[in-house]
Amino acid sequence: MTRAQFSAETSGGGAFVRQPNRFTGRVTPHSTSPAGGGPDDQGRWPLEAGRYRLIWCRACPWAHRARIVRGLLGLDEVISLGTVDPIRDERGWRFTLDPDGFDPALGIGFLSEAYLATDPDYTGRVTVPALVDTLTGRVVTNDYPQLTLDLSTEWRRLHAPDAPDLYPVALRPELDALMAEIHADVNNGVYRCGFATSQQAYDEAYTALFDRLDVLSRRLAGRRYLMGDAITEADVRFFTTLVRFDVAYHGHFKCNRQKLTEMPVLWAYARDLFQTPGFGETVDFDQIKRHYYATHREINPTGVVPAGPDTSGWRTPHGRA
Ligand SMILES: N[C@@H](CCC(=O)N[C@@H](CS)C(=O)NCC(=O)O)C(=O)O
């Protein structure tokens with residue numbers, strides 16, 4: 001019998017079906033709770049600078065997008081950052097990068113402590129990103145797609161004066177549809193390739209992935225960013241998968257029709273973003289490789305981490321304008 005990386009999230013046909021997000025609180029200026037209060041009766045937490053903490057892992061694409069959006073919007077001083085080790089042990093994400101092994105703001109050694117403090121019966125995977133309330137230690141949300149959209153919209157009052165509009169109202173219908181396609185075929189598509197336990201499930205995911213990359217490559221041949229002249233949330237979401245493509249997905253997840261470096265438009269587009277303030281400095285290729293190759297033991301039982309590829313090309317001129 002084939003063993004799945006996450007058996008509770010694998011269908012009878014061998015396809016990877018991602019678990020739903022358990023915590024879906026929202027931080028919003030529309031909360032009726034006072035400052036320092038908990039969520040109101042609609043699950044809305046009060047908007048406050050310095051209160052909430054974003055827990056991320058440098059290796060994780062879903063957490064990485066929150067880290068980038070936070071930076072682009074100038075929320076670095078407003079939402080603090082806790083970073084977990086890319087290697088989990090049997091107790092999950094741990095704060096072993098902090099000097100004494102505890103997150104200094106939350107006082108916990110494992111992210112699971114915050115999940116269980118919020119829901120003692122929680123049995124799903126403990127995931128990053130998570131936005132945690134530093135006053136109570138409770139998880140506000142691990143709903144990664146809503147989290148970044150909320151940073152753009154609900155947190156606007158606390159943005160830097162020159163913050164970009166990553167989710168412009170006029171573009172939302174097209175942007176939402178585009179992001180749904182990118183999620184299904186690319187962001188989650190690489191996981192559907194890597195975690196498939198049947199040939200058919202893998203073949204379907206692989207075909208959808210590269211068909212979508214071909215469509216996006218044609219789109220980006222005629223425009224600098226996915227929605228035109230300005231960076232939007234869609235670019236952030238696409239970037240976090242592209243930047244992991246050659247170091248992790250091409251080999252580890254068998255997404256190997258081409259490497260990113262062999263897809264000229266997408267490679268130049270990804271380099272353009274990488275060299276934009278707020279993107280490249282958040283990327284840690286070493287942690288990305290160690291996380292994927294060393295923790296998914298069902299698909300890489302030895303845990304050996306490859307030495308390559310050479311990533312020096314990311315800083316070479318991209319030629320896009
Ligand atoms: N919250 C989502 C996406 C976030 C996610 O999968 N994050 C990964 C890291 S890239 C994680 O935290 N995994 C924990 C685990 O696999 O136990 C989910 O539950 O699938």
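Glycine too: its Cβ is placed from the backbone N, Cα and C atoms.
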Residue among Trp45, Trp93 sharing the glutathione site, where TrEMBL lists Arg125, Val126, Thr127, Val128 as binders:
Trp93
Recorded positions: Trp93, Tyr249, Tyr292 - member with fewest neighbouring CB atoms within 10 Å:
Tyr292
Looking only at C-alpha atoms, tell me how far Arg125 (glutathione binding site) is from Tyr249 (site 'Lowers pKa of active site Cys'), rounded to the nearest Å.
21
Give me the CA-CA distance between Tyr292 (site 'Lowers pKa of active site Cys') and Trp93 (glutathione binding site), in Å, as a whole number.
14
Tell me which recorded positions (Arg125, Thr127, Tyr292) have a Cβ under 6 A from ligand 1; sequence order is fine.
Arg125, Thr127
Let's check the environment of Val128 (glutathione binding site): how many other CB atoms sit within 10 Å of its CB?
24
